[in-house]
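Student: What follows is a structure written as structure tokens; I'll ask about it next.
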């Protein structure tokens, strides 16, 4: 339920929880996630996404906006270090059965006007040939919300949250449907998959929406929703299960 908040709200918020960041990870090695995409709306960072072919990007349907721009090869959103590519979109195609309230079918395809130039820093993610297994090790990445607590200031106005400049990565694992259903009773469907880290919860937060969950080098999930607030929960995050949508992805790309 943490559909992406506006940037101004994120930057103005305060964190009441002791800890370094809401996404419990570290800065990714630059360009170690070459499929990572940053989506922009009117010049502002909006969501994450994944490149899946030179012409196509995959994200969450709740990230849809009217004026979308795509940035490839990014690491530090405030600096240009060479591999960045800016693209416009000719088609934005959310799943026809997307339901915002229930988060069902939270998946979207974007067709690029000009194809991506593939290189070591810009490379498509590999789509799955099977669904993920409980316990499988994964990496979630994004420019989502982080917190910075000065010593002795946790919970005070000086304990600020912000969107980082650099891409962050966190190591998490797939949670079984049975276990995840205990956290979100009656809310999960077979098109969703849960992932998190034991004792630390979701690991992803506002701003990570639409970004990749990669397991063994395979794109298995799209950051979709989770518990609120994400800095104060042990519940896992919920991801759109990419393996369930392979036919829709392929047919949509073929028709467009």
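Every residue gets a Cβ built from N, Cα and C, even glycine.
Sharing the record's features from Swiss-Prot:
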ACT_SITE  62  active site, charge relay system
ACT_SITE  106  active site, charge relay system
ACT_SITE  209  active site, charge relay system
DISULFID  47-63  disulfide bond
DISULFID  138-215  disulfide bond
DISULFID  180-194  disulfide bond
DISULFID  205-230  disulfide bond
DOMAIN    22-254  domain 'Peptidase S1'
CARBOHYD  171  N-linked glycosylation site
CARBOHYD  232  N-linked glycosylation site
SIGNAL    1-16  signal peptide
Student: Calculate the per-residue pLDDT averaged over the domain 'Peptidase S1' (22-254) and state the result as an integer.
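Tutor: So the average pLDDT across the domain 'Peptidase S1' (22-254) works out to 88.
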Student: Rounded to the nearest Å, what's the C-alpha distance separating residue 106 (active site, charge relay system) and residue 63 (disulfide bond)? Just drop the number here, would you?
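Tutor: Computed Cα spacing between residue 106 (active site, charge relay system) and residue 63 (disulfide bond) is 9 Å.
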Student: With H, G and I counted as helix, E and B as strand and the rest as coil, say where DSSP puts residue 63 (disulfide bond).
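Tutor: For residue 63 (disulfide bond) - judged by DSSP and reduced to three states - the answer is helix.
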Student: Below 8 Å Cβ to Cβ and six or more residues apart, same chain only. Which residues does that give for residue 180 (disulfide bond)?
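Tutor: Looking at Cβ-Cβ distances below 8 Å from residue 180 (disulfide bond), excluding near sequence neighbours, one finds 188, 194, 236, 238.
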Student: So which recorded positions out of 47, 62, 63, 171, 209 end up within 10 angstroms of residue 138 (disulfide bond), measuring C-alpha to C-alpha?
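Tutor: Cα within 10 Å of residue 138 (disulfide bond): 171.
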Student: Cα-Cα separation of residue 171 (N-linked glycosylation site) and residue 209 (active site, charge relay system), in Å?
Tutor: 17
Student: Based on Cβ atoms within 10 Å, give me the single least packed residue among the recorded positions 63, 171, 194, 209, 215.
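Tutor: With the recorded positions 63, 171, 194, 209, 215, fewest surrounding Cβ atoms within 10 Å: 171.
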Student: Would you mind pulling the DSSP three-state label for residue 180 (disulfide bond)?
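Tutor: Note: residue 180 (disulfide bond) is helical by DSSP.
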Student: In whole Å, how far does the CA atom of residue 215 (disulfide bond) lie from that of residue 63 (disulfide bond)?
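Tutor: Computed Cα spacing between residue 215 (disulfide bond) and residue 63 (disulfide bond) is 22 Å.
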Student: Hey, which of the disulfide-bonded residues 47, 138 is the loneliest by Cβ count within 10 Å?
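Tutor: Counting other Cβ atoms within 10 Å of each of the disulfide-bonded residues 47, 138, the minimum falls on 138.
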Student: Please report how many Å separate the Cα atom of residue 62 (active site, charge relay system) from that of residue 209 (active site, charge relay system), as a whole number.
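Tutor: With the alpha carbons as reference points, the distance is 8 Å.
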